[in-house]
């Protein structure tokens, strides 16, 4: 081999060596992070079944004290929750000591105080499992079973930003009426042989009560967050106008995300990525009604977007409202950890995982099969949307590392 050829060959080998070394160094941390994502996913799968067991490991604490200690700025409950079954068992069995009308809002609910002083929000059953809510994606009454399903999806996605929810049957005559405030009691009525109530809210009407089956009412109870963590309400940057013929800016301005990125708290910190996560979550459950959202007060954009009020979900399994994904396809960014988790849930894993997670709930089956099938289909749409972004901008610009340490100190 001639000297010139040898020099060229050595140069080529050197270039290959340098590129290989750079690639390995650049991807070392990413590979380690991906391996941790895989391990976290396996831990989640192994802990999916939550048996409602009253036993507590920490016998000197009540379930309410344990749940209150879980809350930190970036999660409502920790990844490892051996006491979750005991807390949820308490939510569905503890004696109701007071019942009142629900906090401000548009939909019927009741505020219950359970033995030990824990507040929970009770949402009554309004529809059968196979009922299809027609019309706009935010149409219809709240769905109590949607709250249960959304909580377990939050667990599966690894977000841990939704307060605990569990199904519960209550006897309106013996459990609610004797401890009800005058304001709530005044909304009770009898329709046929069924005890009903219509509560007090923006859309509550005496002509549209929620009715029990006799005296027994199926519903969901959502654990109230500790008072030491007061909430702050924010207008969602991708909220709808709810006015016919009037579009929000994001619905016609293709550069809308650029404007959002220049405003606080989306110009720094994790909040915009939380919005993206929430859009993915809402698209999966079919929730087009997140016009506002809550975070903890005085957080300066550092705390999570809390996944409250998910009941306008699972209304129509045949409707995939793509506009819910607008934050994702307009900003074209997503957390690497979220992207990894979505890929692990492909090929029917999501449907199977959610079905398993909900199997121990008192109101199981929580969802009909068409809704479970819709989740897998919507997941494919999300993955395709991210691929369009990476094809256009490249993976380095789209897949964003944002792994915040969650301290429980």
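Cβ from N, Cα, C; glycine included.
Positions annotated as active site by TrEMBL: 289. For 107, 123, 222, 223, 224, 225, 294, 309, the entry in TrEMBL reads ATP binding site. What TrEMBL lists as Mn(2+) binding site is 142, 309. Positions annotated as domain 'FAM20 C-terminal' by TrEMBL: 188-398.
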Practice task
Within 10 Å of each Cβ, count the other Cβ atoms, then let me know which of the binding-site residues 107, 222 comes out lowest.
Solution key: 107
Practice task
Counting other Cβ atoms within 10 Å, pick out the least crowded of the binding-site residues 223, 225.
Solution key: 225
Handout entry: Rounded Cα separation (Å) that holds between residue 224 (ATP binding site) and residue 142 (Mn(2+) binding site)
Key = 18
Exercise for the section: Give the number of CB atoms, excluding that of residue 224 (ATP binding site) itself, located within 10 Å of its CB. Expected result: 20
Handout entry: From 123, 222, 223, 225, 309: binding-site residues whose CA lies within 10 A of residue 289 (active site)
Key = 309
Exercise for the section: Spatially speaking, which of the binding-site residues 222, 223, 225, 309 is closest to residue 142 (Mn(2+) binding site)? Use C-alpha to C-alpha, please. Expected result: 309
Exercise for the section: Please list residues from the chain of residue 294 (ATP binding site) whose Cβ is under 8 angstroms from its Cβ, counting only those at least six apart in sequence. Expected result: 231, 232, 233, 234, 305, 306, 308
Exercise for the section: Would you mind checking how many other C-beta atoms are within 10 angstroms of the C-beta on residue 142 (Mn(2+) binding site)? Expected result: 26
Practice task
Report the largest Cα to Cα distance, in Å and rounded to a whole number, among the residues 107, 123, 222, 223, 224, 225, 294, 309 that the record lists as binding ATP.
Solution key: 20
Handout entry: C-beta crowding around residue 309 (ATP binding site), within 10 angstroms
Key = 24
